[in-house]
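Asks: One structure follows; several queries about it will come next.
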Amino acid sequence: MTEPSKVIHVRNVGHEISENDLLQLFQPFGVITKLVMLRAKNQALLQMQDIPSAVNALQFYANVQPSIRGRNVYVQFSSHQELTTMDQNQGRGDEPNRILLVTIHHMLYPITVDVLHQVFSPHGFVEKIVTFQKSAGFQALIQYQSRQSAVIARSTLQGRNIYDGCCQLDIQFSNLDELQVNYNNDRSRDFTNPNLPTEQKGRPAQPGYGEAGSMYAVQGSGARAVGFPQMANAAAIAAAFGGGLPPGITGTNDRCTVLVSNLNPDRIDEDKLFNLFSIYGNIVRIKLLRNKPDHALIQMGDGFQAELAVHFLKGAMIFGKRLEVNFSKHPNITQGADTHEYMNSNLNRFNRNAAKNYRYCCSPTKMIHLSTLPQDITEEEIVSLLEEHGVIVNSKVFEMNGKKQALVQFETEEQATEALVCKHASSLSGSIIRISFSQLQNI
């Protein structure tokens, strides 16, 4: 075993893997100070700021196989204790470059490639844009045709808001030489090559359960036929759990479909199951079994999300029944007349702020948290909305970052669960409200 080093050796780095792909894989564990691509050997050397960051990364990827663009990569400590090249920190240099690294703070509205192009194109010809979700928040790399355009854009736009009072731009120079764009869609665009495939067909409609278009990436091979690229998923997991995993979670499951039994067939439906299981991951599709009306199959975005659902929901009480939740023998659910499609639903929680959503995963509790509420909401209206589901012990409406939120404590976990599955994603005075379990013990 090589002794720990802040330098990580990465093998099986194919030609299709870019510097930015590797940076996304390791940035959740700490600051990356240097990166050297050894293209002739299909390898890379990457230096973290300190040894504990590198140790955390390798401990995490000992349990979760790192994969980039469908290719498994293999990581170990390098025999080098220090790299001598590429001293500028990725995306932290003040050395002017035609590629900008943009972080968006207080992102209350979705930001797409088209929005970014509208903001940055007045300052010069934008060649490429790539967006991604990181532990730091929503980020984008924007490549101009000329360095001068990037310098002007940074000096003009730094600290400005895209929308009034939110979506603030934090702009730095990247030290990447060229962005690699594989798809032209809402998340990446090569304006010099309009013939690239879109990767996904639809476009989001209005909020609801089954619209066309989503943030999912469809993988070409492997057990996870549909879902996030495993790399991005791993990065969000690492950011959520500090490089470890919750007790009882292995991170090695690759079965995406779960079988739920002992349901109350008179009270349950696909949307209620979606509301409950989407707390633990994105939902692809759900099928209630006609020959077994108290059974349902639920296909999650990937194996890790399915493992969270099985772990946290096994034995949960809902509508007077104790749920049985297990992995299914079916790798996926075949689309058909009796399936409900959610892959493209805007209500899937993990399309944005995935790390935060992973961090909030827990078994059902007596306390629920409500957000995206109308600004003029009162405590009385919240109680009136939820009291049909059980005895409300306590409630509180408060404001966070200028947005109204609420906590409601029920007498039992089952009552809180019923309120969540029945009222999450419902409309209240024109707002689509969001409900999660809270791990707070009292208000």
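Keep in mind that glycine also has a Cβ here, set from the backbone N, Cα and C atoms.
Per TrEMBL, domain 'RRM' is recorded for 6-80, 256-330, 366-440. Residues annotated as region 'Disordered' in TrEMBL: 186-205. Residues or ranges marked as compositional bias 'Polar residues' in TrEMBL: 186-198.
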Asks: Below 8 angstroms Cβ to Cβ, which residues of this chain, lying six or more residues outside the compositional bias 'Polar residues' (186-198), approach it?
Replies: 112-114, 117, 125-132, 213, 215
Asks: Please work out the helix, strand and coil residue numbers for the compositional bias 'Polar residues' (186-198) from the DSSP assignment.
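Replies: Helix, strand and coil residues of the compositional bias 'Polar residues' (186-198) number 0 helix, 3 strand, 10 coil.
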Asks: Under the DSSP assignment, what numbers of helix, strand and coil residues are found in the domain 'RRM' (6-80)?
Replies: 27 helix, 26 strand, 22 coil
Asks: Average pLDDT across the domain 'RRM' (256-330)?
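Replies: Value for the domain 'RRM' (256-330), mean pLDDT as a whole number: 95.
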